[in-house]
Amino acid sequence: MLVQELEESLRETQSTAQRLETHLKQKEKLYEDKIKALYHTTLTLSHHSSLRTTVPSLFSSDQIVAILLRTYISFEPSSVRLCGAGAGGPDEGGHGRQEMLESSQSKYEEEVREKCSVISEQKATINAMDSKMNSLEQRIAELTEANKLAANSSIYTQKNMKAQEEMISELRQQKFYLESQAGKLEAQNAKLEEHLEKMSQQEQSNKSRVLELETRLREIGLEHEEQKLELKRQVTELTLSLQEREGQVTSLQATRHALEGQLQHAKTELEETTAEAEEEITVLRAHRDEIQRKYDALRDSCAPEAAVHFTAVLSNPKHSRSLSVCVEIPLQALHQFTLSNSLVNTNKSECHNYQHG
């Protein structure tokens with residue numbers, strides 16, 4: 001946005017400079033015509049026989065040539081400079097474009113100052129020419145009076161006087177025109193100075209804006225650097241954590257393989273133990289059945305009518321020992337059977353847990 005505004009301002013200044021160049025060329029042409037007319041008038045007056053002896057000419061041919069050269073010199077550099085200023089264009093790239101616009105702005109300010117000085121010189125030249133025109137008018141009036149006195153009845157003198165009056169009126173019109181043009185040039189100069197002041201203020205605001213943007217850009221760069229460092233630190237931490245997790249996973253895999261080996265070994269041992277326990281259970285069941293059968297036979301043999309005899313036997317110390325042995329044997333067998341059943345159930349539950357673990 002800033003670059004576009006500067007480009008638009010540059011285009012406006014270039015168009016203003018071109019208009020000023022056109023106006024100055026018109027003024028140059030007008031001054032040339034006026035100087036040529038003045039030169040011819042002076043030659044006419046200097047070649048007049050009656051006036052040549054009375055009043056010397058105000059402008060010699062050398063002076064008129066000098067005035068023409070000074071006028072060309074005052075106008076030619078400005079047109080060259082304006083052409084040079086209009087030839088350049090803004091660059092199309094970022095910071096280079098801004099530098100080109102700043103250089104074009106400085107060149108334009110220098111050109112405007114030079115044009116102001118040229119305008120001042122032209123105004124001084126116009127004032128000098130006005131004073132010379134006034135003196136010329138006085139001399140022409142004197143010459144007119146002398147011409148009237150010298151050749152009152154001459155037709156040539158009357159025509160010459162009429163031509164001189166026409167020239168005087170034309171010179172007065174030119175004087176008024178030059179004064180109006182000088183006022184217009186002063187107004188244009190004031191407008192140019194005001195425009196230059198606005199451009200300088202805009203340039204200052206643009207510079208402050210550029211400095212602010214550069215400061216903000218540096219701050220953003222520092223924030224990005226800090227974020228990069230923080231991301232690098234986090235990546236390093238994550239890499240270390242990942243390596244640590246990989247080590248843990250490796251150790252867990254080794255532990256799992258070891259546990260699988262132990263589990264397989266435990267399963268094998270459990271299967272062997274289960275087979276042995278089943279064999280023992282089979283033996284114990286057979287033994288239990290035998291004991292149950294003997295116990296049933298013993299219970300059946302112990303009828304109620306033998307209770308008195310059994311009591312006597314219990315009271316007899318000789319037979320109490322054998323009877324306790326007879327009773328203890330089935331009880332031991334029953335206790336062993338119970339332990340065997342609990343062991344078998346424990347082995348089955350462990351086997352089930354290993355298989356589903």
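Cβ coordinates are placed from backbone N, Cα and C, and glycine is handled just like the others.
Per TrEMBL, the range carrying the annotation coiled coil out of 3-37, 73-107 is 3-37. Taking Cβ pairs closer than 8 Å, the coiled coil (178-205) reaches residues 5, 9, 13, 16, 20, 27, 102, 105, 109, 112, 115-116, 119, 122-123, 126, 129-130 in its own chain, all 6 or more past its ends.
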